[in-house]
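What TrEMBL lists as signal peptide is 1-20. The domain 'Integrin beta subunit VWA' annotation in TrEMBL covers 34-453. If you look up TrEMBL, you'll see 38-75, 195-201, 249-289, 451-455, 466-478, 480-489, 491-505, 527-542, 544-549, 563-568, 581-588, 604-650 (among others) marked as disulfide bond. Under the heading domain 'Integrin beta subunit tail', TrEMBL lists 629-717. Residues annotated as transmembrane segment in TrEMBL: 717-736. The domain 'Integrin beta subunit cytoplasmic' feature in TrEMBL is assigned to 737-767.
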């Protein structure tokens, strides 16, 4: 019975044969079939190209592993494919150190950002970082375009703007020696003239470019003086149409690649995308230039642009916007400013008399801040910024894109980190650009993606190694053609039988397929992978592993060997089932160069004393031998009571044992413990008896228990006194005894005499 392999894989999902995917090691988890797939998993992954690297039962995908794991598994570093990312700076012109009044430079010769062009080669998951420097140049050219609302409510403002050209030229000369000014006006999409009676106004228009940028301030004054106000039916104006045309019609406006300022002056709100429907206009604004004879001709055809559309075009054309508006509409334009980077809002007086100061203040505010922006990133590419601004101020995240309070001549820098998470679908290089908002300079970055190994170039298509040409032999392994599987591409996905699999993947009839530790693929066991990359199944039937050997101190093979097929292979000078027995006898050598002082044998690097009286690492300690008590007397005395000959050097000379104080003699350890014990009684410096025990415990630590209660001893003086007292007492007792004897004899004699007298009297009476 023959079934497609794909179906068999599906059927095995309900059996024990299914392939387990570990959660820990991402390199193993990826099950990479080629070197290219491996290095795309992450920067930690490498591919072993050694043809003889795989052990029996290991799948081709096990060539992909973490670098340290590959080294431990025996893959030489010269056989590991592990490409690294790199970078090349192609254009690195230094920033311009220019002071006002120095030699004239063309705008294109002034550099404020460095470097200007570079190439990055990105390995997936491995970031590439570079530093970007920005320096605000002095005496940098400025183009300013004044865009004014000429609706009827701006009548008095127009009078004050008529002299703006020469006055503004004078003020701006303090900032730059190269200044140009232009003028345009707007009202609303074209309707009938709403002005009535004696009002001197013209019908509304969407946008007029009245004066291309010029360095002649008097020409500005003359042209503005010829303008008349226009009418409008509603309060919001069509200023967005005008801004769009000013931004995209660079040739008509005369923009140079210098600082570009757009002053937008109005006393009303604005129409935006969707409002054109009120006049029957439904087509969205196309963001293109439609000026004919300096007049916007498509206002009746295209709707007002959206705010997002304006932001894009202003940014693309490096235009910084200054909104000069009346106090009534300041909150509205402040909200708009928050949506348009590198823009400012100033409050216009009722008749625009403060417009020059407003422009100067807004320019200083805009030019003192640098904000980096990047073009659209390719899919799977991320970018991060870190700023280093004036006075040691740093920023990360969104704050890492900008620096504030920059003065002319100040240097600031940014660290930019670019990371690729996936390879592009077309496999071609991508280009991104980074620039400071409002400036015409930019950094061009070409991104190359490392998605294949270098050894891929040397691959041999239809190689005989891959089962009669059924695959490409590359990077030490076969990459099978479509429809072929197996380590050497020896099987077809349409010619696999379950019976053959069962037969060739069992050790014998009574065992599980691949010992239940692998999958039968193409009649060959491919062993399962473990979450721990250092743990592996192996063998023809996956019957072996390298993690089920005996352990010692919670270490596999005691840390002194390696596990092969569930048996410990010990390192040199180690033996035992867990390689925990050392054959090295140097640890048993005593100071006299004898093994265990000649009192024992060295077993597993430790002395086994043949005489139970001796202890210690080299059988050198005899706790119960004569002289032990005297040897330790002074140290016990100084540590326990602070007295004795060694009281001044106690800490230095007597820290070789552990001291435990007990209440009295009865609390001292008694014989019968697991280790020998010596009871000691010594006299201290105060002529008192003190009692202690000395022993060496199972850890070969010297241990002293001492009684806190001491006892008086008998001195010669006291002995004499006591002896004298005893003699006196004995003499008194003898004298007393002698007197008692004399007394008793006298009394007895008296008694005998009285007895005789009594007997005589009786005889006489009888007679």
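Using N, Cα and C of the backbone, Cβ positions are placed for all residues, glycine too.
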Message = Just to be sure I understand the packing, how many Cβ atoms besides its own are within 10 Å of the Cβ of residue 489 (disulfide bond)?
response = 24
Ask   = If you measure from the Cα of residue 38 (disulfide bond), which of the disulfide-bonded residues 289, 489, 505 is the nearest?
value = 489
Query = Between residue 478 (disulfide bond) and residue 491 (disulfide bond), what is the CA-CA distance rounded to a whole number of Å?
reply = 13
Key: Separation of alpha carbons, residue 604 (disulfide bond) and residue 505 (disulfide bond) (Å)   = 43
Spatial neighbours of residue 604 (disulfide bond) among the disulfide-bonded residues 289, 527, 581 [C-alpha, 10 Å] = 581
Task = Please list residues from the chain of residue 549 (disulfide bond) whose Cβ is under 8 angstroms from its Cβ, counting only those at least six apart in sequence.
result = 556, 557, 563, 566, 567, 568, 578
Ask   = Taking only the disulfide-bonded residues 249, 527, 542, 650, which one has a CA atom nearest to the CA atom of residue 466 (disulfide bond)?
value = 527
Query = In sequence order, what residues of the same chain, 6+ apart, have a Cβ less than 8 Å from the Cβ of residue 588 (disulfide bond)?
reply = 595, 596, 602, 605, 606, 607, 617, 618
Request  = Find the shortest Cα-Cα separation between residue 489 (disulfide bond) and the disulfide-bonded residues 289, 451, 650, and name the residue that gives it.
outcome  = 451
Query = Say you check the Cα of residue 491 (disulfide bond) against those of the disulfide-bonded residues 451, 544, 581; which is nearest?
reply = 544
Request  = Take the C-alpha atoms of residue 451 (disulfide bond) and residue 544 (disulfide bond) and report the distance between them in angstrom, rounded.
outcome  = 35
Key: Cβ packing number for residue 480 (disulfide bond), 10 Å threshold   = 23
Request  = Taking Cα atoms as reference points, rank the disulfide-bonded residues 249, 455, 527, 542 by distance from residue 75 (disulfide bond) and give the first.
outcome  = 455
Task = Select the closest residue to residue 542 (disulfide bond) from the following disulfide-bonded residues, measuring between CA atoms: 249, 480, 650.
result = 480
Inquiry  = Just to verify a number: CA distance, residue 650 (disulfide bond) to residue 581 (disulfide bond), in angstrom, no decimals.
reply    = 39
Task = Take the Cβ of residue 505 (disulfide bond) and count every other Cβ within 10 Å, whichever protein chain it belongs to.
result = 25
